[in-house]
Each structure stands twice: as structure tokens, then as C-alpha cells.
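> What follows is a single structure, and I will ask about it in a moment.
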Amino acid sequence: MATEGTTGSGSRVVAGMVCSLWLLVLGSSVLALEEVLLDTTGETSEIGWLTYPPGGWDEVSVLDDQRRLTRTFEACHVAGLPPGSGQDNWLQTHFVERRGAQRAHIRLHFSVRACSSLGVSGGTCRETFTLYYRQADEPDGPDSIAAWHLKRWTKVDTIAADESFPASSSSSSWAVGPHRTGQRVGLQLNVKERSFGPLTQRGFYVAFQDTGACLALVAVKLFSYTCPSVLRAFASFPETQASGAGGASLVAAVGTCVAHAEPEEDGVGGQAGGSPPRLHCNGEGRWMVAVGGCRCQPGHQPARGDKLCQACPEGSYKALAGNVPCSPCPARSHSPDPAAPVCPCLQGFYRASSDPPEAPCTGPPSAPRELWFEVQGSALMLHWRLPQELGGRGDLLFNVVCKECGGHGEPSSGGMCRRCRDEVHFDPRQRGLTESRVLVGGLRAHVPYILEVQAVNGVSELSPDPPQAAAINVSTSHEVPSAVPVMHQVSRAANSITVSWPQPEQTNGNILDYQLRYYDQAEDESHSFTMTSETNTATVTRLSPGHIYGFQVRARTAAGHGPYGGKVYFQTLPQGELSSQLPEKLSLVIGSILGALAFLLLAAITVLAVIFQRKRRGTGYTEQLQQYSSPGLGVKYYIDPSTYDDPCQAIRELAREVDPTYIKIEEVIGAGSFGEVRRGRLQPRGRREQAVAIQALWAGGAESLKMTFLGRAALLGQFQHPNILRLEGVVTKSRPVMVLTELMELGPLDSFLRQREGQFSSLQLVAMQRGVAAAMQYLSSFAFVHRALSARSVLVNSHLVCKVARLGHSPQGSSSLLRWAAPEVITHGKYTTSSDVWSFGILMWEVMSYGERPYWDMNEQEVLNAIEQEFRLPPPPGCPPGLHLLMLDTWQKDRARRPHFDQLVAAFDKMIRKPDTLQAEGGSGDRPSQALLNPVALDFPCLDSPQAWLSAIGLECYQDNFSKFGLSTFSDVAQLSLEDLPGLGITLAGHQKKLLHNIQLLQQHLRQPGSVEV
């Protein structure tokens, strides 16, 4: 009998075909391995399995279906048995070691005779047999062998043949298969496969039960499935036994990353430290359900698909773990060795800590160029140009080093100098400057300094060399004059502009002359021109017609030039227009003649207008004039858009149509009654880009709204003045309909002033009012009445130039404009230039009060009563008397006694030239004495502390200042003077004036009998 070791060898074969064990089948499976536990296929020697009862199964040698001799177990005891005789023949294998298998598979080769061919009737013949198994930790001993068939067996299945074969008629003994004369032929076989488990003990037995069949068991093969070892996703997975549960059950196998690989992060991306990869082996020995994987470490790239990670070659790198190829080294870097995670920079070049590895190496910048400065009293504005070489970076910054020197020396003679005192300060800061200028303050007069400007960037600290720098020797004097506060236009022509300005507020000596700098706004400011004037007036000639020019002026004393004042912009007249100032020497006779001719011509045109009025319905705008006169005689006119049936026709004649492709629309900056207002850019072909404000008409608006919208644009397009909002163009041929005007960055004048309370001198506020008055003088020359003049209808640009807007606004039904309305407007609805003068006076009060609401919180009826009783607004805190007197002139009840706008402009010019006139308190003998309104009086009995008093007057921001300096009673506050306020931290001029005004009221209250001190 052959031993079990010879029949159940541990050899392994690939199921189905001969192929590589490492073949990875994409899509989740690999061919399974069969771990053979027992195999009788082709066995020729005695097998020796146990049978019961003896003779129930016979072990014989027969030819198989390949005509090979093989050992076979046969059972066929149905012939000759009486009906009803039962069969119970058992065949048991030897003890089979499971060898780690969790489930066993059995493959049976057998043949069954057909009962019909045996001539057996009744139920004694079967064509099936039953398969069993039982587990054991040890082989059966001698005592157990005798009763093996009585042990507890587990049924696997009843095995039925797919085909049964007839009995051979020529064979005297039992035979299976067709008969050939003179020899035994090969068997015809069925093949069945079953599995059982899970297996938990050392081994098992398999048994076959025959209950009345005629069959031959030709071959038995017991095996288990194993998933082979594989390389997948840069990880190796070991050989793994299939699950004992079979079917879809899975066994997880943990993989090991190949050399120079690491587990992938559990999340998306990230560094090393993820869970090891896993594959799952199913019950048929096939890999599936991959979880995770490995990735090549920094400095390594994939090779042979996803099997290996190899080092990056010289001159390349890979900074992060991942399965991407290496990259060539960035500019100015090189990796001399393989497996580089980053390419080191070449000598003289660096990477900042914030630079990624893929960034090119960069260097420090070169030194700044062309340092120069402008002295501003004890301070100076230091300028420089950008370095020639930026080092390949965009994070350029500047540091300023200040050295105070004991004597005059070159910048290189640092041994004589020391670090500047702490009193020297820098605005906006000393280090990390982003712009090429800095204001240096706190310098001592007549002390030589060296200012050094260093250029640095993100890699300057990595360089062993100090930052490249440029230095300049500077010295300041307190005696230079201060800045000229304001400048205004006296007259203009097509090729010239005459400007005038007041003396600096601090002359610090005798003014020797003034230096005027000017440039064309259409060109770069660096192309500016200068001229010198010994007076405070200058005429600039050789200018281009219709161009806008920027002007600045500074004064010079023996100590040197003071700083330039702010930029102011004026425009020359278009070619062919008359000068804005008539020659002073014009003959009275010529003037009389021209006046007579103008009167006659006006009368003639008026008669013609009446005659043809009925015939002009729908005619061109050029025939419908608000005032009829000849422009050749210097009398101006404008066209009233409301007389047009089609506002688009007026737009075509009076405004420039803009191609929408030239417009770039940006963010929303506001909204009006017609639609949103957006910031934008306009760049017609061949012209410089300019910032504009774009108002688009609401979609779906009424036709009347569109007519009003376009009518206002047509009106605005007729006026060209530096202090009137400029129309840049319109879009009417596409949707939405848009109106483009110049951009006024600082918005309405009232809100602008409220946000900057106390930040301007009286002269600067006068200059703002002068600009508005000049615009109204220009409009009144056209007999145009604004009707809605107020601080909110005036816009301010970034150069503090005030421009009148909202032309054509209809105030009818708008009670909100009552506070600016003249008495005749309130009572009779009569709008004239004189009513605009009244409104301008209210605007003056708004300016001097920094945007305070006229008449404060009085309701409309109270305002009407006050005006009717001839009460007038009092001077705002800090308002010069001369300005308030001018306001009172504009508020004369008799409109004929109010000044004209040209008189107001002349008054402002006089104040600017001679600032002492602002303080003049004398009045005209013709001016009636007018009662002045007071703001809402403070309820002193309800104010229990200086802190409550500060809140009542709107200066609660200084409550901590009062507490810090022990101002706890009204008596303490009443003793404060102007000199005390800076020491309390109250430096804004407007706040100082407001506080002093209310201190005076407080003093009056404390002097009253019965007042209680708190």
C-alpha cells in the first residue's frame, strides 16, 4: 500500500495553464495557486484506503480515458440482489494534513453505469454517491480504525453523474466504457468539484458512501486555493491562503513598500505616514479590492510601471513623494548627485524659506539709483529710483539707514557718523518700504545727515554680503518756507493760463521768488517744466489748446526752497474760443457798440423764435436755444434738452458716442436714481486709458426715465469747465444705456468733509468754495440755473478739486432740498441765479462746518419759520468772520441785494491773496443786522460730568483724555485754553475749534445765577 506522503505531495501548479506566478491581471485579479493536499491521479501502486464493509469497494487497476493504467476504486453490487436490498458501502481516505488551508477543494473523476443497462428493477439501483468529511487533530489510532465509519461525518454533497454509461455485454467482470473485442477499453469519465470548510484542526478525512450504484472512482484530488505573491502599486504582497468561508469572503494581506517607496497618505496628498497598502484574497485564490498603495520617496521616480522606484538622475530632482517623474533643475540650480529631493542653488543665488523647490534661484537686488530729496521744514521727502537689477524676484523692499554726522563728510566716511537719534522718525516706516520714497521727520536744523537706502528682497538675508545701498548727504533748515496752501486760475486762453497763489502760511523769512512746476496731464509727470516768478502770479504760455495741465508751486527764501504744494489742474480753452478774461483795456465805446448789437440781435432772434415756434416741433437741438444770442459777441448759450421729443437726437449732437468695447467695467461704487454707478476704465483706440465713472440705466425702466437720464447727459456735455463734472461719453446704441463721466475718487463733498473733520486749514476750505463759485459763475454766464446746489451735489477728486454735478436735477416735490432753498423758491417756486447764490451760501456753511446738516435737527416747519422770521445760520466753530459775513450777504432776503457769482469769486481770490481779510469783522453799511440761529442748546442740568458733556457735543472720543488728566468737573473744563488742548492729545484743528466754542457756552452757563457746579 502506498503511503499518504507519496500520494499527497506538496507540489504546486497553476490552475488551468502554465503561466508566470507574478502575472498581475489589471482589474483586480491574479491567477490562483492550487496547494495540493492529496492526489491519486495517475497512481499505479496500491492506494490502500479503508473500506466498509470489506469488499464493498474494490481497488483495481484499469485504463483511464487517456488509456493509461491507473488505480481505481469500484463498487457495483446491484446485480442479482433481491428488490429492496439496501447497500451501505464506505470508502475513507488516509489522514490528510491541511497545511494551513482554511478550505479544501476536491476534484473527482468517476464513471457510473446506467441502471437501465443493468437490468435491475425497483429502487435498489442508484446513479449517485455521497461525499463526507471529518476533521481531526491526529490520525486515527488502531482502536479507532475499526469503527471509523461510525464517527460523526459532515456531508459535503450528493454527487450525481452528468452522464451514465451502458454496461459492456462482452465483459464477464464489471467494466465501464465501450467494449472492444479482445481488450478492455478506457473509461468514460465525469468530473465534479466541491469544497468544504472552514478547516480548523490539523487535518481531515474524506469518505465516499455508495448506497446502490455501479460506479468507478478513478481519481481524487484534494487541494486548497492560494493567492500568489505579487508586486502592485510599488508594494509587494505575500502569498496568502484563501478564505475558509469560500465564495465572496475575503482575506486581507498587508503589503510592504518596495525600496525607496513609502505608504500613501490616508487623506488627499500629504507626507509619509499613511497606512500600509492592502490587497484582499477571495475564496477562489484571486486578488481583489486594493486599498491604498505606495509612492516613490522624494528624489525617486517610478520605473517598470509601478514595480520599482529609481533615483532621479544628475541634473534633476523630485521634492515631494509621489508617482510622478523627476523634473529638470530650475534656473540657476543644479543637482550633482542622484536622488536629489531639491536642486542646490549655484553660487551667489538663493531660495527664500517661502520659495517652493520648483522656484528658480534668485539673487539680491542691486543698489537703488538717483537719490534726491525735497526739504519740508524740519523734515524732508527722500526719493530714489528702482534698482537696475531686481535679482529675478518681485518682493523688492527698501530699508533706510540714518546717520548723524559731526561734520561734513562723504557718505563713505562712516567713522565720523553715528546712528540718528530716536527723535528722527520715518513715514510710513523705516524698514520694509514698498514705495520709492519716505518722509524723514524730526531732523535737527543745520545738522549734516547721511541717508542710506538699502534694496533688499526675500533672499538678501541669505547672502553673506551686506545689502546693496546708495547714500546721500542731506541737511535741513527750519527757515525754509512752508508749502503754498492753494492755487487758483486767474484767466485762461487757448495757449496760456494765468495762475495765482497766496503766500505760505509760514514764510520763515522774506520770500525771494516762487518756482512753478507744470506738466500736461496727458503725458508723464516726469516731463514737467519749471518757471520762476518773483510775484505770486504767473502766466504760463506755449500750451496746447483744450489740454489739462497740472500745476505746483513752492516758495524760496535765503534758506532754500520749501516743499511743493498740492497739485492743481486747469484746462486751456479749445482752439477758437475767447479768453475767459476780457482784456482790461477794452474800449468803452467798443463795448457799448457790441452791447447794442447784441441787444438788437437778441430781439431779432426772439421774434423769429416766436414766429417759427409752431414749426419747430421735432426739429434739431441746434435750433432750440435757451438764450438767443451770437457767440461771436461773447454771449454764451446752452440748449435745453427738455425741448427735444427724442433725447437720443440731443445726445448725438451734444455728446460723444463711445464704443462699448473700449470700456472695462469694474466694481460698484454707488447707486443713483437711474441705476448702479461703477468704476471703470475707458481707452479709445490710440488714446491713453483713463478712469471713469459709469452709470448704467436700470433695465426695464420707463421711457420717461430714459429720456431724463439721457437729457441730463446731453446737458452735462455742453459745459466744459475745470470745476464742472466732465462728460466722457455715452453708450446708446447697445444695452444697457450708459453715461460715462470722469471719476471723482473722493465722492460727494459733504461726506468727504465729515470723514476728515479738522484736517484742513481755512485757506484750503476757501479754495474748495472758490472752485464751486467759479463753476457757478461759468454756469450763470449761460443763464443756467442749477436749482439743487448743495455740498452733496459737488464731487471731489483725488487732487481735492471740487466739481459741480447733478446738472438738470429737478427739485420739484423734493422737500429734502428745502434747507438750501431761497425764500422766493419756498413761497413762489421761482428759481434764478440769485436763488443759486442763496444755496451756495448754505454750501459755504456746510464746508466750514465739515459737512454739518444745515439747521441741524430742526424739522421742515421750524426751518420755514426761521427763514421767514429772517433768522440766519451762525458761523460754524472756527469759521473766520470774513467768511461768515460773505454767507450773510448770500442770504439777503431781497434777491437783488445778493452778490453775483463773479463777485463771490473775486472775494475768494482776495482772501487767498490776503489771508488777513478772512478775519475782517466789519460789515457793509447796506447789510441789515440779522438774528442768528443757535444749534440745539445743551441741557446742562442733565449733564452730570465732563464725559457726558463731551458726548453731548459729539467729542466723546476724548473722554479718556479728560479722565487721564483729571478733568473731572465743569470748572476744570471751563479753564481750558487753546494752548492746553495739544497737551491733552487734541490736535485736530476742527476738534479744537468745536471744543473751544462749546467751552465758551459752558463758561456762559457757569456765570448764570443759580447754575450748579458738577
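Note: Cβ is positioned from N, Cα and C throughout, glycine not excepted.
Copying in the features that Swiss-Prot gives for the protein in this structure:
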- 1-32: signal peptide (SIGNAL)
- 33-591: topological domain 'Extracellular' (TOPO_DOM)
- 34-232: domain 'Eph LBD' (DOMAIN)
- 364-479: domain 'Fibronectin type-III 1' (DOMAIN)
- Asn473: N-linked glycosylation site (CARBOHYD)
- 480-575: domain 'Fibronectin type-III 2' (DOMAIN)
- 592-612: transmembrane segment (TRANSMEM)
- 613-1014: topological domain 'Cytoplasmic' (TOPO_DOM)
- 663-912: domain 'Protein kinase' (DOMAIN)
- Ile669, Gly670, Ala671, Gly672, Ser673, Phe674, Gly675, Glu676, Val677: ATP binding site (BINDING)
- 941-1005: domain 'SAM' (DOMAIN)
> Could you tell me how many residues in the domain 'SAM' (941-1005) are helical, how many are strand and how many are coil under DSSP?
46 helix, 0 strand, 19 coil
> Check Gly675 (ATP binding site) against DSSP and tell me helix, strand or coil, would you?
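Coil, per DSSP.
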> With a 10 Å radius around each C-beta, find which of these binding-site residues (Ile669, Ala671, Val677) has the fewest other C-beta atoms nearby.
Ala671
> Which one, from the recorded positions Asn473, Ser673, has the smallest tally of other C-beta atoms lying within 10 Å of its C-beta?
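Checked Asn473, Ser673; of these recorded positions, fewest Cβ neighbours within 10 Å: Ser673.
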> Among 34-232, 364-479, 480-575, 941-1005, which stretch has the highest count of C-beta pairs below 8 Å with the domain 'Protein kinase' (663-912)?
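Between the candidates 34-232, 364-479, 480-575, 941-1005, the best contact partner of the domain 'Protein kinase' (663-912) is 480-575.
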> Around the recorded ATP site, report the further residues of that chain (criterion: Cβ within 8 Å of the mean position of the Cβ atoms of Ile669, Gly670, Ala671, Gly672, Ser673, Phe674, Gly675, Glu676, Val677; site residues excluded), sequence-ordered.
Gln695
> Cα-Cα separation of Asn473 (N-linked glycosylation site) and Ser673 (ATP binding site), in Å?
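Cα of Asn473 (N-linked glycosylation site) to Cα of Ser673 (ATP binding site) measures 58 Å after rounding.
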> Should the residue listed as 'N-linked glycosylation site' be counted as helix, strand, or coil on the basis of DSSP?
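For the residue listed as 'N-linked glycosylation site' - judged by DSSP and reduced to three states - the answer is strand.
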> What mean pLDDT does the predicted model reach across the domain 'Protein kinase' (663-912)?
89
> Mind giving me a neighbour count for Gly675 (ATP binding site)? Other Cβ atoms within 10 Å of its Cβ, every protein chain shown.
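Neighbour count, Cβ to Cβ under the 10 Å cut-off: 20.
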